[in-house]
Amino acid sequence: MEFTPEELTLLLHTYLWPFLRVSAMFLAAPIFSYSSISVRVRVLLAVLVAALVAPLLPTTPVVEPLSAVGLVLALREVAIGLVMGFVMQLVFAAVVVAGHSVAMSMGLGFAMSVDPQNGVQVPVVSQLNVVLATLLFLAIDGHLILISAVVDSFGLVPVGSAISPEGMFSNVASLGTQLFASALLLALPTLTAILMINVAFGVITRAAPQLNIFAVGFPVTIIAGFVFMLLALPMFISTLQRFLSLGLEQTLLVLG
């Protein structure tokens, strides 16, 4: 089978723009962006999704990819994909913030571990929360919903259509504020319990000044923190599932 230069150019325009948006989403989205998934696998998956989606899309603009207009269009598609993936990263970042708050209140702020997926140091409690969030994300088919969302985005924001960057980034900022404020809900049961324990230790210290509260309070606070985390686990999972569902819903809504 032979292709003329015009046919090759048309094929390039048909598959290039969807590939850029899909690959950018895989680059930023949780699970897909983890270092345990090789770049080759991500590229092949992006090529597969783009190949399945491209024939179903309306006619894409015929633009020379190396021209100024082509570069602007390419940056636009990459930005849309990055924003869609970043929305879900905000949810996972809120989970890390919740774990950090609990770790600091328990006295485990110094107990850091390296997140093997992102290559940064986080408290061990945050790492535990991230593992739970990842398992729950896979359990609710979040990875499939993300792929479906990026496919649906071509109907909401077709290639080459007008889009308001200010509105898109304003929506992301608003969602981030909401998620980080709501992260306290994940940590609130344990934080409240530890606060009550610290108040009790304060009363004991006033009643028995000779008691070495640091020697007693430190291990008690850590043990109590893990006990209350275990007791609050059902509430934590239900709240986390609601946050993940909110993030998946907002993946398309932030585009305007």
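Cβ atoms are placed via backbone N, Cα and C, with glycine included.
Taken from TrEMBL as is:
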type: TRANSMEM; residues: 15-34; note: transmembrane segment
type: TRANSMEM; residues: 41-58; note: transmembrane segment
type: TRANSMEM; residues: 78-103; note: transmembrane segment
type: TRANSMEM; residues: 124-151; note: transmembrane segment
type: TRANSMEM; residues: 179-201; note: transmembrane segment
type: TRANSMEM; residues: 213-237; note: transmembrane segment
> At least three Cβ pairs under 8 Å linking the transmembrane segment (15-34) and the transmembrane segment (78-103), pairs spaced 6 or more in sequence?
Replying inline: yes
>> Below 8 angstroms Cβ to Cβ, which residues of this chain, lying six or more residues outside the transmembrane segment (41-58), approach it?
In response: 14-15, 18-19, 22-23, 26-27, 32, 147, 150-151, 154, 158-159
